[in-house]
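The annotation active site, proton donor is assigned in TrEMBL to A:LYS194. Residues or ranges marked as NADP(+) binding site in TrEMBL: A:LEU14, A:GLY15, A:HIS16, A:GLY17, A:THR18, A:VAL19, A:GLY20, A:SER21. Annotation comment: TrEMBL describes A:LYS94 as NADPH binding site. Among the features that TrEMBL reports, L-homoserine binding site is placed at A:GLU179. Residues annotated as domain 'ACT' in TrEMBL: A:331-404.
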Protein chains: 2
Amino acid sequence: MTPDAPAPFRVGLLGHGTVGSAVAELLPESADAIAHVTGLRPEISGVLTRSRGDFDEILAGSDLIVEVMGGTDDARTYVTRAIEAGKHVVTANKQLLAEHGEELWALAREHRVQLRFEAAVAGVVPVIRVLQESLTGHPVERLHGIVNGTTNFILTQMAATGASYEEALAEAQQLGYAEADPTDDVTGKDAAAKMAILARLAFDTPVHLSDVPYEGIAHLTTEDIEYARDLDLSLRLIGTAERIGDELAVRVHPAFLYKGHPLASVEGPFNAVTIESPAITEITLSGPGAGGPQTATAVIGDVISAMIPPAQTPPTRNTLGFVDDVASSFYLHVEVADKPGVLAQVAQVLGLQGVSVKSVVQKGTGTGARLVLVVHPVLESRFYGAVQLIAAKDFVTAPPRAIRVIDEEFAG
Amino acid sequence: MTPDAPAPFRVGLLGHGTVGSAVAELLPESADAIAHVTGLRPEISGVLTRSRGDFDEILAGSDLIVEVMGGTDDARTYVTRAIEAGKHVVTANKQLLAEHGEELWALAREHRVQLRFEAAVAGVVPVIRVLQESLTGHPVERLHGIVNGTTNFILTQMAATGASYEEALAEAQQLGYAEADPTDDVTGKDAAAKMAILARLAFDTPVHLSDVPYEGIAHLTTEDIEYARDLDLSLRLIGTAERIGDELAVRVHPAFLYKGHPLASVEGPFNAVTIESPAITEITLSGPGAGGPQTATAVIGDVISAMIPPAQTPPTRNTLGFVDDVASSFYLHVEVADKPGVLAQVAQVLGLQGVSVKSVVQKGTGTGARLVLVVHPVLESRFYGAVQLIAAKDFVTAPPRAIRVIDEEFAG
């Protein structure tokens, strides 16, 4: 926004595991975009790992400390010292906050620094931000969460393939969705820590990890999953936090969800949280719950928020043109006289226009016969050209109808 | 946080329709909670309607202006004047921003005030906050949205009941999900304005309403919806914004979604947005897209954000106890010897413990027979008591297995 080079904003990084190394890689890549928004250019001022780096030196040379080392001993000491030194802190450490959150949040208020922790719960799914900012002042009634991607992957695999718990766990480990020692995940302890943090924010009352009873998933059988499917139920490891009169119930346990529940369709290593409150009815947030780059994205979002408190809409940086012909997949409905060669002629027109058929259903007979096709993505001009040619055929008895189809081509 | 009474924060309200009156009602109710977080106590300093109130007087007596009057003429004048007077502005006016956003955002930057607009897109679903804050610095690849609740209600009704477009629209109007003049909704224009705003934020390039071609839903037939169901497709009015090379395609049109798509399960008057980006894979936000209290909640969230830029975690206000016996619905799996009276005995034990059966499936024969039951919510102590009694029966051949069931009891 100013013609001068933006001033640096020094970020000290504690931890260089999956998340730490992703932060170290992604932050410099985003530095220009962040400088555009904040007027400050973030840079990594130092990295502390088990074998290298000096905390005091990093602290002295940083405006903000990112703690992604995990554990509750050293992490607690370092976060405390950073806050006492007047530095903002961004952490992804759920155990630290579930055990020592009140103490650290109080310290941050006292020293007037920010202690942000979006990445501690549900990775890049912005549930902390929503609870702290969007819903301030609105009483939450209940919160359900799938907050552990490892167990969600295992349970959806068991349901999809009939694999046993042990087999699904082994697959999760192979794919990097479960750690070599999966105890914290499969016992529900990891989810319990996250639910303690969410309940604390949602109900504005202290919640410690020890207040959250939890059950794991190791005892679950494929048989139960299959029976339950007949009842339209799907199995998930669910964290629940709800107010019951003047008391709170916060728990983690396996639970069946009816098909209509917004969490029932959350598959694989994804996380999702549903927040119910009279004022908002219910909102659901879902997305990848873990992964280095995803969690790092949440960390960097927090860094940016700490850099520039008043959110403004900065001027645009791009001036992109607008595409006028895009590729789409289409559904096409054609009413035809049911005589030999009709499908072949339709297919030929489509083929000549470069339109490739994905599936076709033929229904009815006589003059009221119908062809219903879904075609693979193709430039819309080409597709509509083919439709015009088809419409002109003598066997077509009514104007064809075309509707776009959005493919399930993405990562979820 | 201080023992003194919090200073007032004066909110001037332009508009007193569905959203405006909900803001006027909800803001005072949340005032204590907001004062706790921000140190300032919000109060309505004046209300401008078509028939009463004086804008100049309200402006002079306010720290922040909430614009929920709609339209693009007076609204533009008032928002401009509020910003020029150095007041923060919160608006729910998508047409205003889709047509004059760049001018107003530039003015807000110039005068160093906040112009917030979470409520302009997808009601209380915090998609603006997520795009502006969580994802700053991360290139978005594509965004799909169901951003109009009226059309989503109509299309899901057509699919669920076989009603025609006209019938479903009439029902939407009866239920208050569609206005007497539904033109802006059913033509896609309302959704196009929202997509212009989302695309502007996601791709950091100016997007005007006129850059967004749109198609409506009035021509859609129940027949197409039914054929498509055979192909596992469900029909929605979808806004799409995607970068294709150095150009942008932003459009609104009806589209079929494959079952696995996160938006395919969004039913009724709900809104949802899926954001795809390499760093985050994909996140989905969903919730009620309209409604007075819901939209007002989004407005108030913006007011709070404008009041206290640096987000802190305030001390808790409650000290709730923890419930140790909660009511849950359960799935119960019992292996039994298949002889007469087994189901009756199980049902009797459950009945005596006050456990009410919702559904039951009996499978297999001989010693490997199984009873699979789902019971209505009951205190867990009672349920587990009943399970213990059942486990002790001589016809039970293996330890019963119980798993909680989460009911679809909420509003969605």
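Counting starts with 1 at the first residue shown.
From the backbone N, Cα and C atoms, a Cβ is placed for every residue, glycine too.
Quick one: how deep are these features, and who are their neighbours?
A sphere of 10 angstroms centred on the C-beta of A:LYS194 (active site, proton donor) encloses 28 other C-beta atoms.
Of all Cβ atoms in the protein chains displayed, 20 besides its own lie within 10 Å of the Cβ of A:HIS16 (NADP(+) binding site).
In the three-state DSSP assignment, the secondary structure recorded for A:LYS94 (NADPH binding site) is helix. A:LYS94 (NADPH binding site) is surrounded by 26 other CB atoms, counting those within 10 A of its CB over all protein chains shown.
Using a 10 Å radius centred on the Cβ of A:GLU179 (L-homoserine binding site) and all shown protein chains, the other Cβ atoms total 12.
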Spatially, and counting Cα to Cα, which of the recorded positions is closest to A:GLY17 (NADP(+) binding site)? Options: A:LYS94, A:GLU179, A:LYS194.
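That would be A:GLU179, nearest by Cα distance.
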Looking at the recorded positions A:LYS94, A:GLU179, A:LYS194, which has the shortest Cα distance to A:THR18 (NADP(+) binding site)?
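Nearest by Cα distance to A:THR18 (NADP(+) binding site): A:GLU179.
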So, in DSSP terms, is A:LEU14 (NADP(+) binding site) helix, strand, or coil?
strand
Looking only at the domain 'ACT' (A:331-404), report the model's average pLDDT.
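Here the predicted model's pLDDT, averaged over the domain 'ACT' (A:331-404), is 89.
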Are there binding-site residues among A:GLY15, A:GLY20, A:SER21, A:GLU179 that sit within 10 Å of A:LYS94 (NADPH binding site), Cα to Cα? If so, list them; otherwise say none.
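Near A:LYS94 (NADPH binding site), where near means Cα within 10 Å, there are no binding-site residues at all.
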Please classify the secondary structure at A:SER21 (NADP(+) binding site) using three-state DSSP.
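DSSP assigns A:SER21 (NADP(+) binding site) to helix.
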Would you mind checking how many other C-beta atoms are within 10 angstroms of the C-beta on A:VAL19 (NADP(+) binding site)?
26
When you average the Cβ positions of A:LEU14, A:GLY15, A:HIS16, A:GLY17, A:THR18, A:VAL19, A:GLY20, A:SER21 for the NADP(+) site, which other residues in that chain have a Cβ within 8 Å of that mean position?
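Filtered neighbour residues, in order: A:LEU13, A:ALA22, A:VAL23, A:ALA24, A:THR49, A:VAL68, A:MET69.
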